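Engineer: Pasting a structure below so you can have a look.
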Amino acid sequence: MRGRFTIYVQGVGLLGLAGLGLVFATYAWLSAEPTDGFLAMALLSGALGGALLGLGRSDADPGRRESLIGVLLLWLLLPLLGGVPFAVTLELSVLDAVFESMSGFTTTGATMLVSFAEVPASLFMWRALTQWLGGVGIIVIFIAVFPPFGVAGRQLFFAEVPGPTEERLTPRLRNTAAAVLLVYLLLTLLCGLSYAVAGMSRYDALLHALTTIASGGFSSHPLSFEGFSPAQNWVAVLFMVFAGANFALQYQLVVGRPLALLRDREFQTYLAIVGVGGLLLTLTLWELYTPIEALRHGMFQSLTMVTTTGYASADFVRWPLPAQATLVLLMFVGGSAGSAAGGIKVIRWLILVKATAVELRRTLHPRVVKPVMVGRRVVREEVIRAVAAFITLYLLLFAATTWTVTVLGEDFTTALTAAVACIGNIGPGLGAVGPMANFAELHPVSKGLLTFGMYAGRLEVVTVFVLLNRDFWYLPRKKGARY
């Protein structure tokens, strides 16, 4: 039964979570902090993971359907059990704890924490690690580390990381996953060292390196990066640029081929959007700050929105309306495909714009045959259809979430930006969910809906909504048939 491999995947994932629970319980004990939450997570995850591992099989050959179900379940179970430390240690409700954990694993950065002073250092570090794990992708780690995943890993890999392209760094998928993980680790190390050189404590440097490279945005400081020096802000700017780039381009950079970044059309467009957004923000902030400060805030906030990191260099809820409008527009962009960033992604917007231009030309010259080109590559029709379907579903989910949160009592600005911030895995929005606020006062139904939005956004929306298709659940009658 192919379904037994899906069960096996859940078992391995939960046993890994149990191991992390024991590691963090030890860390908390050594720091004289509460250990109950981490021990409870380890016990629950270990018991359930062991049972599932016994029921599953590692040698089964999953089809596309089983792989999708496996990824969807794993991304549901890990945040559910990963929220146990928040519920036990901080006495959060189950819903609030799951929201916090889902925000971590999906690299969103929205928070339920009201008082940072009451949060143990070990729990802040756990929040940061959930973002780091979610940024590189749980399945990517499994394929790189565990040999059984090399057999059926391709289906799982592309179920977790869907998009317009399926790009490998090496001929073998396991080597690709290992290369991605190695580059991710190296960038995290370099980022942490840079923060330390810029004056951060070792604890803060490690924590923020984890959340910067993951495009996550969780911070140990209640003021986010407003609580750190300008030099540390510029370090964040530098590494957010890398974090928002395709993993394949990060690999090219590390192996000594930096020109590959500059030749990539998506990366060029990504830098252009960040630059234009930063310039517009700088101009709108000219009267609030000195020119250097305006430039720093402008570039920082442009990058943190486009890469969906969600850090804040200032309380931008207090900025002029043109600056806030610019931030909202940047929230809809997203980083590069195949990166830790969330959102719609630059390549999809690029394909959509190119396809629209070709369609306009066909309207004027019906007999002209002109393919959609991105750089030197011809974009296939099925890719264009997939991009259109993704953006349609994304915007429909955004509209439905905004409407529901508004109906439940929030003002339109809060509802709109909370929706795009959660579905786009950004974190803070405007209004009542600004960078110096939290999501704790929202209606419980709004919290649940936004939690689902984070989940759907991290899995690229289509992966989740395909479950609503009746054909997905159709069981073929022919023996040996694959779906």
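Positions of Cβ are set from backbone N, Cα and C atoms, glycine also.
Quick paste of what TrEMBL says about this protein:
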TRANSMEM  12-32  transmembrane segment
TRANSMEM  38-56  transmembrane segment
TRANSMEM  68-88  transmembrane segment
BINDING   Thr107, Thr108, Gly216, Thr308, Thr309, Asn425  K(+) binding site
TRANSMEM  108-126  transmembrane segment
TRANSMEM  133-157  transmembrane segment
TRANSMEM  177-198  transmembrane segment
TRANSMEM  205-225  transmembrane segment
TRANSMEM  231-249  transmembrane segment
TRANSMEM  270-289  transmembrane segment
TRANSMEM  325-344  transmembrane segment
TRANSMEM  383-403  transmembrane segment
TRANSMEM  415-437  transmembrane segment
Engineer: With Cβ-Cβ distance below 8 Å and at least 6 positions apart along the chain, what are the contacts of Thr309 (K(+) binding site)? List them in sequence order.
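Structural biologist: When sequence neighbours closer than 6 are ignored, Thr309 (K(+) binding site) has Gly109, Thr211, Thr212, Ser215, Gly216, Gly217, Met240, Ala243, Gly244, Leu303, Ala341, Ile426, Gly427 within Cβ distance under 8 Å.
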Engineer: Which of 108-126, 177-198, 231-249, 325-344 shares the most C-beta pairs under 8 angstroms with the transmembrane segment (415-437)?
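Structural biologist: Against the transmembrane segment (415-437), the leading stretch is 325-344.
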Engineer: Looking only at residues six or more beyond either end of the transmembrane segment (325-344), which have a C-beta under 8 A from one in the stretch?
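Structural biologist: Sequence-remote neighbours of the transmembrane segment (325-344) are 106-108, 135-136, 161, 163-165, 167, 184, 213-216, 243-249, 266-267, 270, 273, 277, 280-281, 284, 301-302, 305-309, 316, 319, 390-391, 394, 416-417, 420-421, 424-426, 430, 457-458.
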Engineer: Counting Cβ atoms within 10 Å of each candidate's own Cβ, which of the binding-site residues Thr108, Thr308, Asn425 comes out highest?
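Structural biologist: By the 10 Å Cβ neighbour count, Thr108 comes out on top.
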Engineer: Report yes or no: does the transmembrane segment (231-249) come within contact of the transmembrane segment (177-198), defined as 3 or more CB pairs under 8 Å with a sequence separation of 6 or more?
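Structural biologist: Result for the transmembrane segment (231-249) with the transmembrane segment (177-198) is yes.
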Engineer: Using the centroid of the Cβ atoms of Thr107, Thr108, Gly216, Thr308, Thr309, Asn425 as reference, list every other same-chain residue with Cβ within 8 Å of it (recorded K(+) site), in sequence order.
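Structural biologist: Those within range, site residues removed, are Thr106, Gly109, Gln131, Gly135, Ala214, Ser215, Gly217, Gly310, Ala340, Ala341, Gly342, Ile426, Gly427.
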